[in-house]
């Protein structure tokens, strides 16, 4: 894929003696800690070993040419006039990054950029954050903007929030921008305090299973859940001096939950508060080398997302149910925003083939179409890639 984007840039925009540089940004999966990030809580993502490549070449004018090996659409943008255009589809993500960089006072000329990746779009594995981050890192490096990585992460989140209009938390951009091979990231969403936790998965594999249900984050119930959490917090604030739901302990919630008059809002808050504790318990389990305990917490997380947060649906539930029937599966849960997308499972290496065969067969029988299973590793965060021409 990396050489393909370099060759495509020359094919689409011609050869020249100007240097073509190559950058990469991974996808991510959140192992546990779902719908906690916009509630100020803990999340536990890791970068994956697949992602988005971008080949970039400077120009002298203010024109930016964008193309992708994954989509037919090619886009031309004038740096003096960047605005959201629904017709530009995927290109609005990198365009948003350029707009935010300009708003922050950074100057750069035009360029040609060609993207290509192997992250399934709409699966909840952060294809959007990956394309944002690879754009930000590429422009930062090529034009010597000297922006530190955490600020690049924040810029990319702002691009998705304000330019594209998706009210996402910061986890996706943080995971793809700050990922570290062989480690997951324990991230506190409101303060951005973080630490790397070694993922000692000897004898186990991470399997990501895509429901292949069509969905879009923009038109899902994501923003509705966010607003429900904010309403629940308003009630709890009457008795508790807290800034967000994640500051409420499970014990305090049990004591004060009746302040929330609406049962639905109470369930939403209960998920966030218990999920936050599950993340910390999961990190402890990993540090204790207790992969079985980690798996149990993943299952509890899924049950809470199904029963209290109500964001799973029959496709995700079927994948988890079928996975948990197999002996070699220690844990499985939905990951991402929900309503489709993917599950993440921890599976013994010698059970991977059985998982793929049995889960695919049973899901297809129950749902009517097949899922896609990815066996993945934990990869590096975004950065420049050396390449050799063919």
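Cβ from N, Cα, C; glycine included.
Taken verbatim from Swiss-Prot:
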type	residues	note
SITE	28	site 'Transition state stabilizer'
BINDING	34, 35, 36, 37, 222	substrate binding site
BINDING	68, 122, 123, 124, 125, 126, 127, 128	ATP binding site
BINDING	128, 160	Mg(2+) binding site
ACT_SITE	172	active site, proton acceptor
Exercise for the section: Show, in sequence order, which residues other than 34, 35, 36, 37, 222 on the same chain lie with their Cβ within 8 Å of the centre of the Cβ atoms of the substrate site. Expected result: 33, 38, 39, 43, 169, 171, 225, 272, 337
Problem - Cα-Cα distance linking residue 125 (ATP binding site) and residue 28 (site 'Transition state stabilizer'), given in Å to the nearest integer - result: 5
Practice task
Could you tell me which of these binding-site residues, 126, 128, has the greatest number of Cβ atoms within 10 Å of its own Cβ?
Solution key: 126
Handout entry: Which recorded positions sit within 10 Å of residue 128 (ATP binding site) - Cα, from 35, 37, 172
Key = 172
Completion exercise
Rounded Cα distance, in Å, between residue 35 (substrate binding site) and the residue listed as 'active site, proton acceptor' is 12
Problem - Fewest Cβ neighbours within 10 Å, where candidates are the binding-site residues 36, 127 - result: 127
Handout entry: Nearest-integer angstrom distance between the alpha carbons (Cα) of residue 172 (active site, proton acceptor) and residue 124 (ATP binding site)
Key = 10
Practice task
Among 34, 35, 36, 37, 222, the annotated substrate contacts, find the widest CA pair distance and round it to a whole Å.
Solution key: 12
Practice task
Would you kindly give the Cα-Cα distance separating residue 34 (substrate binding site) and residue 125 (ATP binding site), rounded to the nearest Å?
Solution key: 13
Completion exercise
Whole-Å Cα distance, residue 68 (ATP binding site) to residue 222 (substrate binding site), is 27
Practice task
Taking Cα atoms as reference points, rank the binding-site residues 36, 37, 127, 222 by distance from residue 160 (Mg(2+) binding site) and give the first.
Solution key: 127
Problem - Those binding-site residues listed as 34, 37, 222, and which of them has the most Cβ atoms within 10 Å of its own Cβ - result: 34
